[in-house]
Amino acid sequence: MKQHTLAEAIAHTGVGLHSGVSTHVRILPADAGSGRYFVRVDLPDSPIIPAQVAAVSQTVLSTQLGKGEAGVRTVEHLLAALAGMGVDNARIEIDGSEVPLLDGSAQEWVKSIAEVGLVTQAVTDNTVSWDIPEPIWIHQDDAFVAAIPASETRFSYGIDFDLPAIGNQWYSWPLTTESDTSFAKEVAPARTFGLLHQIEYLQKSGLIKGGSLDNALVCGPDGWVNPPLRFANEPVRHKILDLVGDLSLLGYFPRAHFLAYKASHNLHIQLAQRILALSN
């Protein structure tokens, strides 16, 4: 079995979506079999936080990882970029508690990964690709996530908003041998989005302090506040990005059709936990 890591280090600096605080992230090559993991270089002893399902500590409007007192929030876009581009092993050094939002998508991470390229690593690994043995279904009201046995790994998502500019959207993306190219073109550029009527409430709740019209799409009853969109269905493509990032915490993607509708980070992580339990 072969794995991949970065050929060289990459770095970005920017503000976090919820904290509004600027942080610097440096992603370095890592040894075969080490996986993807964060290092809080701003804290004493530089604690390591593995990008694993067991490390999830919170899922309110983003996915947060933690180990002991150390945590890293809003990890999903960066992890989606690494997984989507085939980076199995990466040391992610960060000098704060939240990953920079950058332009609201994974595009800048993906461009940096593509610029430096990957190195192939030979590894003896007991964790091989496996098939989901039976359907998994988790729902909350009319929202759901599912993993269905399939001949390929595929991610499909549906959303439904009572705003004409969004409405009902579906999108499906397959994981293939050319996935790094298709991910970079079809999924990574899709930006996070918010609803105009929710912004004031979220800000009063201490959230989205770093959100702006430069790093998030905003939709109101009269349409998009800050067009143009990169895709006609950019919102649902971004949900695929979130799903890929959250399920990347498994370390690898089982062969299955992952399906979600009106889901959340919480439901994504519940699905990952169920898959992990089945694999054990």
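Cβ coordinates come from backbone N, Cα and C, glycine included.
HIS77 is the residue from HIS18, HIS24, HIS77, HIS139 that Swiss-Prot records in the Zn(2+) site together with HIS238, ASP242. For the binding-site residues HIS77, HIS238, ASP242, a Cα to Cα distance of within 10 angstroms from HIS265 (active site, proton donor) holds for ASP242. Using the Cβ center of HIS77, HIS238, ASP242 for Zn(2+), the list of other same-chain residues with Cβ within 8 Å runs, in sequence order, GLU76, ALA80, SER105, ALA106, ALA190, THR192, LYS239, ILE240, LEU241, GLY245. For HIS238 (Zn(2+) binding site), other Cβ atoms within 10 Å of its Cβ number 29. Listed in sequence order, the residues of the same chain lying 6 or more apart from HIS77 (Zn(2+) binding site) and placing their CB within less than 8 Å of its CB are VAL99, LEU101, LEU102, SER105, ALA106, TRP109, THR192, LEU241, ASP242, GLY245. HIS265 (active site, proton donor) carries a helical DSSP state (H, G or I).
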